[in-house]
Amino acid sequence: MNGFNRIRATLRHTLFSNDSSSSPTMARREDFPILNRHLSSYERFDLSTGGQGASSTSFHNINPLNTSSSHVPIIETTSDGVEFLPNNAKRTLRTIPGVFCPIALSMFSISLFMRMGFVVANAGVLQTLLQFGLCFIILFCTLLSVCALATNGAIEGGGVYHMISRALGPEFGGSIGVLFFFANVIGNGQSVAALVEAIVASFGPGSKANAFEDSHWWRILYGTFINIISLVTCLLGSSLFSMATFFIFILVSFVYLMVVVSFFVKSPLQVLIPKVNTYVYDQQASLYNKTDLIYGNYTGFSSATMRENTYANYTIDYTTGDTMDFATVFGVLFSSITGLLAGANMSEKRIENKFIMFQVPIFYLGELKRPSRSIPTGSVTALLFVFFILITEALLMAGTTSRFVLTNNYLFLQDINIWEPFVVIGIIAATFSACLSGLVGASRILEALAIDEIFGPLFHWIRGGTTHRGNPWAAVLFTFILVQLTLLIGSMNKIAPIVTIFFLLAYFAVNLSCLALDLASAPNFRPTFKYFSWHTALIGAVGSIIMCFIVSAAFASIAIGVLIGFICMLHLRDFPRASWGSISQALIFHQVRKYLLMLDPRKEHVKFWRPQMLLLVSNPRSSINLIDFVNDMKKGGLFILGHVKTGHMDVGSNDVCSQEYPYWVSLIDNMKIKAFVDMTLAPTIRDGVLQLMRLSGLGGLRPNTVILGFYDGATPEDKLRNRSFFKRRWLKSSTPINTLATPAFHQQETIQSGRMEGASTITLNSFNSSTAINGNDMYPIFNFGELRQENEEKELDAHSYVQIIKDALHLNKSVCLARNFHQLQKDEIEINRRKVFVDIWPVNFIFPETSTQFDVTCLYMLQLATILAMVKPWKTRATLRVFLCIDAINDNALRTQQHLDELLSQLRINAQTRMIAWENVTSLLNIAPTVTNDSAATIPVEQQASATTTTTAASTNSFVDINDVYVRGVNELIRQQCDNTSCLYLYLPRPPKDKTLSQRYIRVLDMLSNDLPPVMFVHGVSSVTCTQL
């Protein structure tokens, strides 16, 4: 017994290297341990001390009752309260037992002794080699992608699921993880069915033993018994399975060696066709006595036999009764060698700490000693080894065994072997090993999905069902139940196409992950495995998806449909634990950067003009309606929310813009608008707005229109708190957010009014003083400051407001002033489905003599209104109306209306036209303008239609003072036409050159828009539409 123990200890030391020197308290410090230790997101290295958190690390035993046990892991606690296990505490598996043997055994399991004859009999030697070539290309390209992912970072729980989810993000990773889980489950069921088939064929009816019955339910009973044995083995721990894998591999290799030797030493003989092949026995008309047995010929090496087996001859499969074809045979072959990812699934596992005293619930234990080295080396070696063995076996079979035997006895290797039980032992060992591998791999994937909370609390019971040694018994038990249901499908060949589809989609996802990472040119994607390129990933992905549809278009469509459904479902939920990043963001960045460089502002053309809006907002609480309206008016253009905070950046002080920025982003998300946020800190509001107008945007994406709220004395109304936000909260995780993990901007103190030196906003505080800023706040959009009260003074004076308008015009940007948009009731338009009007008044009321002349601003107003009418609900509920003021005495109203209709027709604008007589209003203008209007910037329709580039309009006359009676008359004229009007577009005159007229300018605009529906004053500076193609 002592000798046996010494031998066992020597083997364990050689294969698993579980010596005490790996303990962190006993190991010798090396110069740079960061170079040879597995990096985890929970570990921190201090190069100054050469250790891991050595400067402030304390050690605690996870089990204070047994401190002397070598099996008790030691937890290291850093100064930040983060706990982790030393990396080498449970990393015991090396390349051969941990990667090479599981992969080789999983790929050997069914194909080596049970299905090579089936493939050669139907496909022939040539098509068999072709199918092997296709399998090798797909598997080899996938293997290169797996090696690249495995050597680009730490592989944690779930193996391939971890690779895909950390590369593609939780939505794609979770969906493909579920797909891969079911692939392992169904593959495990196929292995069980294969083992049952081998047992029944070897010991069932017609055999020498005749010990087992053969029927559908008897086979399910045998499969259940085998499944239970696998369950018990896995519950004892994967380490037991890993230890046994190496010895099973040695056994299977020895059996295969005996098979090869038998091909050379065995003389020609008669091979019995088993009784389970009811098809051939029923079809033999020459047999009148049904108790007679049928035999086929084993010829030994023969050129005639090789010629017979060279070409394809697809026949009926006696296990299913179905006629075979290329796709079906490929599905059986590929499903038999899908053990490529078995090593990656065993790369690492996670367990949960059950001791409340440590407060950090998750840490990691590994199984592979060096995953980034073992996975590439072991996988490549195993793949080449398996394909060499299988191709050699196929050629030996084709040259020695008649097609009749290959077609009707899939286990003929027993009859031609030196000792028949050799093959039976090899089949049982290989298939049972595949059963264990599939059960362990599937349970690890399910455990990883549960720990990542991909499906919220749905799998919390999986996390709870884990032993103190990290064996996920709950996941193993659930997988066992699903495997049991898989056995109801039937024989191994019926399960094979499903297994092939699922694994091909999993391989497609692996290659897609690598392809996306490589194309995104992410700096942190630098795998140490150098034999990978995007070409191999593309070949693997395309080959996988093509063969997926060739095998079964119906199953492939269903699987892809389910996958897309999972992706859509997971896209609608939050992932509080999934801080992995998403490859989509890297790809978007890569493409956006590329196309931004291609977007040349010098090539702009008026035909492709679109509005690029910069909306200046002081407080979103009072601007919700306006933000929503501008979002409708942008028509696929750029939309930026600009905000200015006044103050100075003091040394050591926090950046108030970065603190408040997350609330603006949250506002955009909740409003479901497509906009960006741009904030700046400046000494004055005008300086800040000038910064935004100059610097907002990037490359060819820069604002061409600046929108401001109106400057009046009205008290702003809070529209934010009363607005309905339909935020998606289903499948939201119930896990409380740890305060240590709260983002930095949530850990700042609440900024009270007047308490931050050198920084204040335009008219509001940075945050609501009554709102606690913390990570658990479900409504961060309510963290904006309170609105200006009735008696509070504005921080922006009228002169600065007018100067901002002048600055925008000097920068060649169109200007819009929005007033009364707190009255806009867009929801009622959509809910009540009532018809409304959008009115355009293309008249410069400051210069009434130009009322029938269309300039750039008039065309700009028409363009904005037309864009608004192209968006729901305005598209179906709003009617455009264009009002033209005429002198009924001196002007020809009919001809003017005809010209206007013709212009709108040429501009493809569907609008009603109204001629309004206003000589009674113009008569109130009893003072002549101080400047004549001969040089007004009017653009005839012909000139507008022939414009080929964006032109800047000549400066129209600046604002001149006019009497209040006339302005009120114009206001009354407009109000009389505003029956059921939802919003209006009015002409915005240029600001006065005389600074003393700034207050008067605001006063005229105020009287002009008083008591009107929502008004958008517009002043354009460039051509925006044309009549030519």
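Please read every residue number as a count from 1 along the shown chain.
Any Cβ shown, glycine's included, is placed from N, Cα and C.
Checking TrEMBL for transmembrane segment across the ranges 216-237, 854-875 points to 216-237. For the domain 'SLC12A transporter C-terminal' (625-711), the DSSP-based tally of helix, strand and coil residues reads 36 helix, 23 strand, 28 coil. Using the rule of three or more Cβ pairs under 8 Å, pairs at least 6 apart in sequence, the transmembrane segment (244-265) is in contact with the transmembrane segment (418-440). Proximity of distant same-chain residues to the transmembrane segment (99-123), defined by a Cβ-Cβ separation under 8 Å and at least 6 residues beyond the stretch ends, is recorded for 93, 130-131, 190-191, 194, 197-198, 245-246, 248-249, 252, 255-256, 259, 309, 312-315, 317, 324, 326, 329, 332-333, 335-340, 342-343, 346, 368, 374-375, 377-379, 381-383, 385-386, 389-390, 393-394, 397-398, 401, 403, 405-407, 409-413, 423, 426-427, 430-431, 433-434, 437-438, 492. Away from its own ends, the transmembrane segment (418-440) comes close to residues 102, 105-106, 108-110, 112-114, 184-185, 187-188, 191-192, 194-195, 198-199, 202, 226-227, 229-231, 233-234, 238, 241, 244-245, 248-249, 251-252, 255-256, 258-259, 261-262, 265-266, 339, 342, 345-346, 411, 476, 479-480, 483 of its chain (Cβ-Cβ under 8 Å, at least six residues beyond either end).
Using a Cβ-Cβ cut-off under 8 Å and counting only residues 6 or more beyond its ends in the same chain, the transmembrane segment (472-489) has close neighbours at 182, 184-186, 188-190, 192-193, 219-220, 223-224, 227-228, 230-231, 234-235, 349, 438-440, 442-444, 446-447, 450, 461-462, 464-466, 495, 498. Residues 119, 123, 160, 163, 167, 326, 329-330, 333-334, 337, 340-341, 344, 347, 371-373, 375-376, 379-380, 383, 387, 390-391, 394, 504, 507, 510-511, 513-515, 527-529, 531-532, 536-537, 539-540, 543-544, 547 of the same chain lie 6+ residues outside the transmembrane segment (129-151) yet bring a C-beta within less than 8 angstroms of a C-beta in it. With Cβ pairs under 8 Å as the measure, the transmembrane segment (172-196) is packed most heavily against 495-517, out of 216-237, 495-517, 538-567. Same-chain residues lying 6+ beyond the ends of the transmembrane segment (495-517) with a Cβ under 8 Å from its Cβ atoms: 138-139, 141-142, 144-146, 148-149, 152, 160, 163-164, 167-168, 172, 176, 179-180, 182-183, 186-187, 189-190, 193, 328, 330-332, 334-336, 338, 340-341, 486, 489, 525, 532, 534, 537-538, 540-541, 544-545, 547-548, 551-552, 555-556, 559-560, 563, 583, 586-587. Remote same-chain residues near the transmembrane segment (216-237) are listed as 188, 192-193, 195-197, 199-200, 432, 435-436, 439-440, 443, 469, 471, 473, 476-477, 480, 483-484, 487-488, 490 (criterion: CB distance under 8 Å, separation of at least six residues from the stretch ends).
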